[in-house]
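Peer 1: The structure is given below, and queries will be raised subsequently.
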Amino acid sequence: MLLIVGLGNPGAKYQGNRHNIGFMAVDAIHRRHSFSPWAKKFRAEISEGELGGQKVLLIKPQTFMNLSGESVGEAMRFYKLEPSDLVVIYDELDLPAAKARLKTGGGHGGHNGIKSIDAHCGREYRRLRLGIGHPGVKELVQNHVLGDFAKVDRDWLEPLFDALADNADMLVRGEDSQLMNKIALALGGKTEEPAPKPEKKTVAKSHIHQARNHNQPRMPESGPMAEMLKRMFGKKDD
């Protein structure tokens, strides 16, 4: 079983807040796939379904953000799950709006919901961070995260949620980089390039020698010129 947790604060007052983008993302997955109606358990709203042939439990903790780990930890203990069975979706101040990042483990970055989950569930779970941008100064952070998205934000929120919901089965299969590419394409950004493989080192060969093609004339076999070319290209006598 995979637990997909969206973080946010319960209640209509917070429904449209930037801090609730995790709830919104999980709602999008719920709408797109054949999940059960929301029910109350583990001090959360939960819904069961399948993605990619695997059982999935969607969770929206109702404990308020700072105590999210209590709810998620309760669910993990009930189902006897490990941190590797957990994906948490939440807002990220340090990412620009319309950007997303997915990784395993790491710090809480000052996010109280993640701090709580780290304390109750361990740290080696997957974290899907959805950028909401930074207001620029620390004094404005609280009003920013607890403020509602603007109408103009729909231009990137809708394609973000659509891409996540359409490709949610990639979370189950562990296809993290592919999912990030799908989201980046939906948002008009660049896809993530695979890391280049390190070049193999060739022992005792000059880069000049490696660049030569096979149509070049053969080196002379003897004489002063032959000796000089042997030293340049590393050719040894038979």
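Here the Cβ of each residue, glycine as well, is placed from N, Cα and C on the backbone.
Relevant sequence annotations retrieved from Swiss-Prot are reproduced here:
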type	residues	note
SITE	Asn9	site 'Discriminates between blocked and unblocked aminoacyl-tRNA'
BINDING	Tyr14, Phe64, Asn66, Asn112	tRNA binding site
SITE	Asp91	site 'Stabilizes the basic form of H active site to accept a proton'
COMPBIAS	190-202	compositional bias 'Basic and acidic residues'
REGION	190-225	region 'Disordered'
COMPBIAS	203-212	compositional bias 'Basic residues'
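Show me how these features fit into the shown structure, please.
Peer 2: Within 10 Å of the C-beta of Asn9 (site 'Discriminates between blocked and unblocked aminoacyl-tRNA') there are 20 other C-beta atoms, taking all protein chains into account.
Within the same chain, residues at least 6 positions away in sequence whose Cβ sits under 8 Å from that of Phe64 (tRNA binding site) are Asn9, Pro10.
Its Cβ placed at the centre, Asp91 (site 'Stabilizes the basic form of H active site to accept a proton') has 24 other Cβ atoms within 10 Å.
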Peer 1: Whole-number answer please: how many Å between the C-alpha atoms of Asn112 (tRNA binding site) and Asp91 (site 'Stabilizes the basic form of H active site to accept a proton')?
Peer 2: 11
Peer 1: Among residues Tyr14, Phe64, Asn66, Asn112 annotated as binding tRNA, what is the maximum Cα-Cα distance? Answer in Å.
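Peer 2: Largest pairwise Cα separation, rounded: 16 Å.
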Peer 1: Measuring Cα to Cα, how many angstrom lie between Asp91 (site 'Stabilizes the basic form of H active site to accept a proton') and Tyr14 (tRNA binding site)?
Peer 2: 14
Peer 1: Out of Asn66, Asn112, which has the highest number of nearby Cβ atoms, where nearby means within 10 Å of its Cβ, if these are the binding-site residues?
Peer 2: Asn112
